């Protein structure tokens, strides 16, 4: 143990003297959003507030880590990119209510937890990337994706991925488990290939002619179009259709923020959360991350505005979250990913 | 045979540290066992119905496939190169082991990139066919056969190196005796060469299998749902630590099975090499078409396992550099990688040395047990190791917080988890087998007389160690340092789970780029890892040659 402790001290001394001592005012953020995308946001926050932001980013398991770390966890704020992770975090008991009049005023009630455990800070929609050459249709419903006329023409990532899980859960919440299962079987039968890759690869496969319709999130298409010359052709070969549920709207998902239960820098965490809902941050979200702002009055990025007018489906987030387990089990049951 | 009390004091200290080291290495397994004791009734119906059968089948198929691929490529090349002489052979000696410089996850990222629609292979095919037809011809690497190939191509050198060390040493007498008995070339290969090489092949294949079980990056990316992926998923996506620990116990069972199979593979063979200067078997010269065929057969594995991925990474780095510039975060990640790896290397060398010295100074059951346990960490998949370490480390950290509170001192926070100490601990546990094994072998070559003579002349234990043993151990120490350092640099799963705030390493940043669908942004980081791994691979090759 002596050796371990000596080693730990040596490591701590060698690696992190700065983080421990330098900034008296700091806030620790655990984020699912990729560091490169959130860093501009945090830099702007530090400039505005003088509060340093420490970050750990991962694509899975952050709420489990906070849970394991327990009362000593350094986590102040958890940033998620979908309602599934929000739900997981609340279920894991790692959050506490955000008591903020600013948030209550800015964030519309349908995009925050009635008990205050989370608040949405931006939105994305799960949409269709359609081949410009091979798809003439201008509008489409989610229900229609199971129509045999699309047999062998659809590409999608794993059915267990959180983005699809939320979409399938929304379908289940709207139509019930039995119809959702039928729909999933129909969708599975229409797939051109085994679900794989991510939303960017889905666009690429449409561009390459493997399929005619891809299912992906709104911001990926904009990132490919504007951010990366290598991937621009993938976006250029496709066009975004905002699908709707029959008699409803487009499925949207939330980027949310939670206040950690044992947040050691709670005051700073609240400042950050309120700042993220503010005008400046919302504009950065819209322009750098191609998200839909959570509040009215913030201009959409032109690429996003070019998709057409978004009518978000009115299904309450909590009802969607309640169907996540069912949706996940259905995916296994119909062998969606096999 | 104790002669003085002064001798036993330093020996006793060494033994105590050695036992603590053994305890440290055993900690993750104990942690897993303890965590697994908690019931996880909410996940098991799902695991049994959908996860476990697939995980067991995929893992078994992957292990068999990768093992067979590595055996075929590694042993085949080793036999061609050891028993034959042909043009270009000298080159191959250097090329063959180089795929070890490519971590499995990088191999997967590169090959998927190469063969994806609108990728390089597609463009090449599209020169001959319409693009839409060409896309149908692309192999789907995101599959079990894809994973077998992609992983097998970078792990075969384990079999190659161990097979060659034996094949080279086979004496002329053995095959000459067989020949005088009328055996042909194939008979000799099947009845003499292969059976005597079996133990070495078993060791090589076991290493390949352990590395395959350790892998998470490649299998996850290629959609192969192995045990390791299932553990990751159960904990981090299904939120059940206990369920994950129970799956980890199953994985540990597989590890035990593999090691048992390796032991069986080594059994029943006793090869007697003649004592006086062995006459090595002369190599059969190959000419013309046969020579070309042998060269091509040997060239293909390192070409696909190293040259192609390395060149692709280089080209990709240059291209991305031209498009996006070099991300400053890369240097920070590199600094983190180097710092963590350096600390772990120093600590592993120190503890490894103390463990083997304890056995030399105080022979006894306790010291031998410490040496044996210290070498088991390598068999633990990195993810299982991290999972098992988490609970004990947090217990330690929280105990410190409680202690500070009781003393009225400010809270130290999570000392080990919060500082990177946890990552270093994981590295030391996983890679301690390297210095322990090498130093044990090195020390065995130093006669005890040297020590005794020095001691008779009045030198203390430490003086004798400093003046005699350490200088003689220098090659082993250097080798161990290089190998551990680079293994730490490449390590992915444990780093991913245990890294603290503000810390990404080269490996974790590549993983995150890839899992978010933009692997090309991590190409330069990948190239750095590969470049840094080349010297140790060369050193390993020379070491395994010398060991003959």
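Backbone N, Cα and C atoms are what each Cβ position is placed from, and that goes for glycine too.
TrEMBL lists B:56-260 (among others) with the feature domain 'ABC transmembrane type-1'.
What TrEMBL records for B:334-540 (among others) is domain 'ABC transmembrane type-1'.
Under the heading transmembrane segment, TrEMBL lists B:55-80 (among others). Within the chain, the transmembrane segment (B:55-80) has long-range Cβ neighbours (under 8 A, six or more residues past its boundaries) at 92, 96, 144-145, 147-149, 151-153, 155-161, 163-164, 167, 189, 193, 197, 201, 204-205, 208-209, 212-213, 219, 224-230, 247, 250, 254, 258, 294, 297-298, 301.
Positions annotated as transmembrane segment by TrEMBL: B:92-112 (among others). Same-chain neighbours of the transmembrane segment (B:92-112): 77, 81, 141-142, 146-147, 149-151, 153-158, 160-161, 211-212, 215-218, 221-222, 295, 298-299, 301-302, 305-310, 312-313, 490, 492, 507, 510-511, 514, 519, 522, 526, 529-530, 533-534, 537-538, 540-541, counting only residues six or more beyond its ends whose CB sits under 8 Å from a CB of the stretch.
Here TrEMBL flags B:147-167 (among others) as transmembrane segment.
The transmembrane segment feature in TrEMBL is assigned to B:188-210 (among others).
Residues or ranges marked as transmembrane segment by TrEMBL: B:241-260 (among others). Outside the transmembrane segment (B:241-260) by six or more residues, the chain places 29, 32-33, 35-36, 38-40, 43-44, 47, 52, 55-56, 59, 63, 206, 209-210, 213, 227-228, 230-232, 234-235, 379-381, 383-384, 387-388 with a CB less than 8 A from a CB of the stretch.
Counting only same-chain residues 6+ beyond the ends of the transmembrane segment (B:291-315), those with a CB under 8 A from a CB of the stretch are 73, 76-77, 80-81, 84, 86-89, 92, 95-96, 98-99, 101-102, 106-107, 110-111, 113-114, 120, 153-154, 156-157, 523, 526-527, 530. Look at TrEMBL and you will find B:291-315 (among others) tagged as transmembrane segment.
Look at TrEMBL and you will find B:335-358 (among others) tagged as transmembrane segment.
What TrEMBL lists as transmembrane segment is B:370-395 (among others).
Look at TrEMBL and you will find B:415-439 (among others) tagged as transmembrane segment. Sequence-distant contacts of the transmembrane segment (B:415-439) (same chain, six or more residues past either end, CB-CB distance under 8 Å): 21, 24-25, 27-28, 336, 340-341, 343-344, 347-349, 351-353, 355-356, 371, 374-378, 380, 382, 385-386, 389-390, 393-394, 396-397, 400, 473, 476-477, 479-481, 483-484, 487-488, 491, 494-495, 498-501, 503.
Taken from TrEMBL, the feature transmembrane segment applies to B:522-541 (among others).
The largest share of C-beta pairs under 8 angstroms with the transmembrane segment (B:370-395) comes from B:335-358, of the ranges B:147-167, B:188-210, B:335-358, B:522-541.
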